[in-house]
Amino acid sequence: MRRRKQNWLFWLLSICLCLTFGPFQQTVKAESAPLDIRADAAILVDAQTGRILYEKNIDTVLGIASMTKMMTEYLLLDAIKAKRVKWDQMYTPSDYVYRLSQDRALSNVPLRKDGKYTVRELYEAMAIYSANGATVAIAEIIAGSEKNFVKMMNDKAKELGLKDYKFVNATGLSNKDLKGFHPEGTSTNEENVMSARAMAMLAYRLLKDHPEVLKTASIPHKVFREGTKDEIKMDNWNWMLPGLVYGYEGVDGLKTGYTEFAGNCFTGTAKRNGVRLISVVMNAKDASGKTTKEARFKETEKLFNYGFNQYSLETLYPKGYQLKGKETLPVVKGKEKEVRVATGKNLDLLVKNGEEKQYKPVYVLDKKKMTKEGKLVAPLKKGETVGYMTLEYKGDDSLAFLSPDMQKNIRVPLVTTAEVEKANWFVLSMRAVGGLFVDLWTSVAKTVKGWL
């Protein structure tokens with residue numbers, strides 16, 4: 001009877017344990033499953049710091065198709081800012097632009113050969129509808145010819161610090177599809193190519209330097225030349241804009257692309273709760289391995305879900321934070337012999353859930369403001385920057401950025417919390433004399449000690 005009771009208790013306990021721990025174990029497994037992005041290359045980036053949150057083959061050079069137009073946008077917005085080009089400036093199509101714009105097998109708004117179009121009209125057609133004729137028109141407006149513009153594109157890429165890129169035309173079309181009208185100096189079989197890292201870097205700089213790009217990139221529908229015989233409805237190819245078929249909360253850019261060479265590509269950006277992310281997928285594919293328009297949005301959705309669900313913006317160290325044991329720095333030639341220092345701003349960072357304690361604060365002092373002995377020199381103003389505080393990451397992987405110089409994006413100034421006036425000559429003289437006597441006494445003491 002006792003043995004039966006023990007068996008009954010054993011089975012009851014086993015059932016309870018299964019009910020208690022079974023679902024928990026399944027949940028942990030699901031949450032820790034790796035992110036499976038079906039694309040030849042992909043990247044997810046914090047748009048504030050340039051920190052890489054996810055990467056796959058990010059330095060592999062691949063076709064970029066119409067994502068090319070982001071560089072054309074950058075150069076146009078540069079020219080607008082520099083007042084070399086005006087939004088209301090008029091343009092009449094060249095023979096080439098006219099012919100290209102009439103090709104309805106490509107993304108286009110047909111332009112009249114004798115028509116007059118504003119730069120803004122052409123820009124909207126390019127940014128919303130990916131119109132290729134309008135894109136070459138912009139290239140001609142800025143540089144006089146697409147050939148000259150292509151040189152500007154490559155020069156700007158170098159200036160922006162991009163690696164692994166080559167531009168051969170302004171649109172992203174395959175040169176072979178330009179029917180012999182590819183830019184002079186390029187060949188029929190050439191393509192625009194970049195790595196996912198370079199593409200994300202271009203998006204990062206576009207958003208930093210020209211945030212106004214989102215005003216147009218976020219327009220889901222617009223009518224070109226509305227109210228005229230030439231009007232044509234332009235539907236944004238970015239189907240992740242809210243209200244469209246793959247609408248995603250917070251998405252407001254940037255650019256899709258497709259050619260047979262590049263496959264379906266998309267550089268996206270979305271903002272939620274003060275956090276902006278940048279994503280790139282190149283040659284995105286469905287479960288069968290086929291590249292499709294839908295796949296580029298579904299794979300991007302995976303990236304955004306990962307970023308917004310697994311990371312949050314945290315104030316790791318507030319303004320006024322003082323590192324324990326390093327609250328003060330020594331000062332020479334001042335009325336005071338030391339000064340308190342603290343951070344001049346909040347140190348905010350996009351942190352993966354559960355990793356808040358994986359970051360260690362580190363002071364880096366400005367050597368130009370220090371003596372060889374490591375002391376500050378009076379006078380010092382309150383709030384004067386004497387260095388910066390950055391972070392060391394103690395997690396499994398190192399912090400990765402689009403480029404090494406972006407490490408500076410996770411630092412805040414280290415400032416003095418009070419003014420230190422320079423001591424007058426008498427005080428400095430007495431200190432010097434006092435120092436002399438101290439040195440003399442120390443020397444004598446050492447000598448006497450040596451006799452004993």
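Backbone N, Cα and C atoms are what each Cβ position is placed from, and that goes for glycine too.
Record features (Swiss-Prot):
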type	residues	note
SIGNAL	1-30	signal peptide
ACT_SITE	Ser66	active site, acyl-ester intermediate
ACT_SITE	Lys69	active site, proton acceptor
BINDING	Lys255	substrate binding site
For the residue listed as 'active site, proton acceptor', the three-state class that DSSP assigns: helix
Ser66 (active site, acyl-ester intermediate) versus the residue listed as 'substrate binding site' - Cα distance in angstrom: 7
Structural state of the residue listed as 'substrate binding site', classified by DSSP into three states: strand
Fewest other Cβ within 10 angstroms of its own Cβ, chosen from the recorded positions Lys69, Lys255: Lys69
Chain-internal residues, separated by at least six, CB under 8 A from the residue listed as 'active site, acyl-ester intermediate': Ser107, Ser130, Thr171, Gly172, Leu173, Trp237, Lys255, Thr256, Gly257, Tyr258, Thr259
